[in-house]
Structure formats: C-alpha cells, structure tokens
Amino acid sequence: MKIIEGKLALSGKEKIAIINARFNHIVTDRLVEGARDAFLRHGGDEANLSLILVPGAFEIPMALEKALASGKFDAVCCVGAVIRGSTPHFDYVSAETTKGIANVTLKYGKPVSFGVLTVDNIEQAIERAGSKAGNKGFEAMTGVIEMLNLYKNLGA
C-alpha cells in the first residue's frame, strides 16, 4: 500500500500567517509563541512568517478570508481562546468561529489549522497554552505544516 502523508519540515520558502485573536491575550500570546516556535523548529524562515491580529475569535474567519484572497500565504494557522462565561455568548462565538474557518478553508483549498481554544475556564485555557497540556498553538502550526506538505504530495 502506498502511504501519502505530509512531513513536518519546511524548506524556508513557505509563507505562513498566524491569525491571533487578541481577546484573552494572556492565553493567546502564548499560543502565538508556540506557533512561532513550531514554525522555526521545522525549518521556517522568520521573514516568511506573518502575524495578523484581530480583536476576538469571531473576527478570525473574515481575516482568514482576506489573507487567503490576497494570495500572499501558502497556509494559515488560526489561534484564539474562547472561555465559557455565564451567558450563551460562548456558544455563539465558538460555533460561528468554527463554521467560518471551515467555510473559508474549503473555499480556498489551502491548509488552515484550527488552534482556537474553546474551554470552560481560564485554568483550562492556561493548561492548553503551555502549562500542562502542551501548547495548542505549537500543535496547530505543526498540523498546518503537515497539511501543506500533504497538499504538495497530492499535487494540489
């Protein structure tokens, strides 16, 4: 059986953007650092890494749309943190952010990773931003690198 997969390596020529939702920045700043670390560790050239800042997670899909429409990026890593509160706001923001990112990804056919935390409390967010449960920004970047290489291997 022939196995087709993407490797975790960059040539240094790939242009990747990180879209970061600034809301809950104490968490999202750490996700960005994790994503940047993964990019550099796997051979990325920092000159080819861009950081796009948006106010909150709800704005990520529109920034993603504009970033991919520009043709400037080979892939995009989306990070943010939506923390449940006492109102239904969490449900609306989480659902629409997820759907929006998925729709834009399918429209453009470019690798996009989903590193948006959807958690019940700040403790869970901090754990997923590098304290106990790894750094989900790092994981999101490795996922997008792997998919970028998979697309190349598939001739896409």
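Each residue's number is its place along the chain shown, starting with 1.
Placement of Cβ uses the backbone N, Cα and C atoms for every residue, glycine included.
Summarising the annotation, Swiss-Prot assigns 5-amino-6-(D-ribitylamino)uracil binding site to F23, A57, F58, E59, A81, V82, I83, F114 and lists sequence analysis as the type of evidence. Positions annotated as (2S)-2-hydroxy-3-oxobutyl phosphate binding site by Swiss-Prot: S86, T87, R128. The annotation active site, proton donor is assigned in Swiss-Prot to H89.
Positions of the features from Swiss-Prot, shown on the structure.
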residue : record                                           : contacts (Cβ under 8 Å, 6+ apart)
F23     : 5-amino-6-(D-ribitylamino)uracil binding site    : P55, G56, A57, G80, A81
E59     : 5-amino-6-(D-ribitylamino)uracil binding site    : A21
V82     : 5-amino-6-(D-ribitylamino)uracil binding site    : N24, A57, F90, V93, S94, T97, V116, L117, T118, V119
I83     : 5-amino-6-(D-ribitylamino)uracil binding site    : N24, F90, L117, V119, D120, N121, I122, A125
S86     : (2S)-2-hydroxy-3-oxobutyl phosphate binding site : none
T87     : (2S)-2-hydroxy-3-oxobutyl phosphate binding site : none
H89     : active site, proton donor                        : none
F114    : 5-amino-6-(D-ribitylamino)uracil binding site    : C78, T98, I101, A140
R128    : (2S)-2-hydroxy-3-oxobutyl phosphate binding site : L117, V119, G134, N135, K136
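Sequence-distant contacts of F58 (5-amino-6-(D-ribitylamino)uracil binding site), defined as residues of its own chain at least six apart whose C-beta falls under 8 angstroms from its C-beta, comprise V93, E96, T97.
S86 ((2S)-2-hydroxy-3-oxobutyl phosphate binding site) carries neither a helix nor a strand DSSP state and counts as coil. Under the DSSP three-state reduction, F114 (5-amino-6-(D-ribitylamino)uracil binding site) is assigned to strand.
DSSP classifies F58 (5-amino-6-(D-ribitylamino)uracil binding site) as helix under the three-state reduction. Largest Cα to Cα distance within the recorded 5-amino-6-(D-ribitylamino)uracil binders F23, A57, F58, E59, A81, V82, I83, F114: about 16 Å as a whole number.
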